[in-house]
Amino acid sequence: MRILLIEDDMLIGDGIKTGLSKMGFSVDWFTQGRQGKEALYSAPYDAVILDLTLPGMDGRDILREWREKGQREPVLILTARDALEERVEGLRLGADDYLCKPFALIEVAARLEALMRRTNGQASNELRHGNVMLDPGKRIATLAGEPLTLKPKEFALLELLMRNAGRVLPRKLIEEKLYTWDEEVTSNAVEVHVHHLRRKLGSDFIRTVHGIGYTLGEK
């Protein structure tokens, strides 16, 4: 899951980025309001963590512009503004959730997962395809009921494909979902991850659509 984080507090921002990255999220972090606002137009983010008190542009104005321009990515407001009227205003401007500081990182992760379930119309964290089960919240994968060991990028790729079962995902989109701007990406990175997953799940689990990208095979 690729997350856009807009937070000007260096200690908080670094803690969120580091912690979520260890949990398997890909996080792009911006400290300036306007830069963060423009970033959403440049990459396919799954969700946004947005502070309200930002240099350059207030978080409420950022959110208002996004919604007016049709950006529908789920937004979690994370702020020290805890007054009832502030929370109500944020939600009415188009935020999908509102969490006040101080916070526990595990709750931030849980709320992001809940936003993704809501976006995808899912009632449970568990994703299933054939005899493969994936629980992104618990970072658990099983094959025919047996534990499956996956590297972080393999887990992220499998989650992406399972969340989009029935769709062909272009290679470029997969690359953008798996990697942040500050990560080096080799030209065959996606192909390598697909190869490793096929070795663990079976050669037919992921199907190549030549000239386009990848999709899950038949169940």
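Cβ atoms here come from the backbone N, Cα and C positions, even for glycine.
The structure displayed is predicted, hence computed values, not measured ones.
As recorded in Swiss-Prot, the features of this protein are as follows:
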| type | residues | note |
| --- | --- | --- |
| DNA_BIND | 124-218 | DNA-binding region |
| DOMAIN | 2-116 | domain 'Response regulatory' |
| MOD_RES | Asp51 | 4-aspartylphosphate |
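Per-class residue totals from DSSP over the DNA-binding region (124-218), listed helix then strand then coil: 33 helix, 23 strand, 39 coil. The domain 'Response regulatory' (2-116): residue composition by secondary structure is 52 helix, 23 strand, 40 coil, according to DSSP. Listed in sequence order, the residues of the same chain lying 6 or more apart from Asp51 (4-aspartylphosphate) and placing their CB within less than 8 Å of its CB are Ile6, Glu7, Asp8, Asp9, Gly59, Ile77, Leu78, Thr79.
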